[in-house]
C-alpha cells in the first residue's frame, strides 16, 4: 500500500498492468465484476477500500487516501443505490451522497497529480422519461426525467458534467460510461427493492422450493427491455479505459431486446419451475420500450459476449450458492 510502480508513462491502459488502479465500489455488482476482470487480465496493482476503511462522502478522507496511494487509474463504480421506494422516501440521502462521492473522488484524483485517467459509471436513468428509442447519447437533458428516481439521476448527470468540466478546464482525462440494465453475480435479490430480473429469479426459485402451482407476474409481459451481463460491462470499461478519451459519455448496452414475457419464460426454464406462469394484466406494464443506442461503442470495436440464457444460468447458480445457502 502507498507505493507507486514504475511503468512506462506512455503505455496504454492494457499495456500498463503494473500501474495502480483504484476501483471505487468494489463490493457492488459493477465494481466486483470490474475487479474480477482486472485480476483475470493480469493487473497486479489494484487498490480497493471497503466503506468502513474509506468513506467516500468525507472529502478529507478521500484526499488523504489519494495523496497516500497515488493511483494511476480510477474507476468510479461507487454509488448510493436503491429501489423506487428508497428513492422516494430518502431523496436527500440519494442526491447528497452521490454528489459527495463523485465530487470528492474526481477532485482528489485531479489534485493528487498521479491519475492519468478516470472512468465514471452512470446509469440509463439519466435519460428523459420519453427519450427516443433506442436512446442516443445526445438525448441527455432533452426532456423531463422519470420522477421516481430523479434525485439519483440528477446526481449521475452532475457526475457526467463534472468529468466534462474537469476535462475542459484542467485537461483531465475523465470519461463517463452509461450502462443499460445490468445483471449477474453479486446482484441485489432483496424482495422489496430488486430489479425485474433478479426479482424473477428469486420468485421462481421460491415457487419451485415450495411446490407452488403458479407464479403471478404484473402486467401483460409485452414491454421490451435490454439486459447486459455485468461481465460484459466490465469488459467494456476496460475497453474504454484503453480506447476512449472524449468529452461525451458513452452508452454501453447489449443492443438486443427481450419482452418481459420472454424473460420470465426463460427464467422459469433456467430455474426449473414446473408450475404455471400467470400474467395479471390489471397491473401496470411500465414503459413500453427501453433500449440504449450503443452504436458508438460498437463502432469503436467493442461487442458484448455473454448470451442472455448463459448469463441467467450463471446468475441463478450464484444466487443458489451465495444467497440461498447463506440462509441455511
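Along the chain as shown, residues are numbered 1 onward.
Quick reminder: no glycine exception, Cβ is built from N, Cα and C everywhere.
According to Swiss-Prot, the protein has these features:
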| type | residues | note |
| --- | --- | --- |
| ACT_SITE | 152 | active site, proton donor/acceptor |
| BINDING | 25, 26, 27, 28, 29, 30, 31, 156, 179, 180, 181, 182, 195 | NADP(+) binding site |
| BINDING | 203, 218, 225, 285 | substrate binding site |
| SITE | 123 | site 'Important for catalytic activity' |
| SITE | 125 | site 'Important for catalytic activity' |
| SITE | 156 | site 'Lowers pKa of active site Tyr' |
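What Swiss-Prot annotates, mapped onto the structure for a quick look.
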{"residue": "29", "record": "NADP(+) binding site", "Cβ contacts under 8 Å, 6 or more apart": "182, 184, 185, 186, 187, 188, 230"}
{"residue": "123", "record": "site 'Important for catalytic activity'", "Cβ contacts under 8 Å, 6 or more apart": "152, 153, 156, 178, 179"}
{"residue": "125", "record": "site 'Important for catalytic activity'", "Cβ contacts under 8 Å, 6 or more apart": "145, 146, 149, 152, 153, 156"}
{"residue": "181", "record": "NADP(+) binding site", "Cβ contacts under 8 Å, 6 or more apart": "124, 195, 196, 197, 225, 226, 227, 228, 290"}
{"residue": "218", "record": "substrate binding site", "Cβ contacts under 8 Å, 6 or more apart": "279, 280, 283, 284, 285"}
As a test of the contact definition, list every same-chain residue at least 6 positions from residue 203 (substrate binding site) whose Cβ is closer than 8 Å to its Cβ.
215, 217
Three states by DSSP: which one describes residue 179 (NADP(+) binding site)?
strand
Any idea what DSSP makes of residue 25 (NADP(+) binding site), helix, strand or coil?
coil
Could you say which of the recorded positions 27, 156, 195, 225 has its Cβ with the most other Cβ atoms inside 10 Å?
156
Neighbour tally for residue 285 (substrate binding site), based on other Cβ positions within 10 Å of its Cβ:
14
Grab the substrate binding residues from the record (203, 218, 225, 285) and give me their largest CA-CA distance in Å.
19
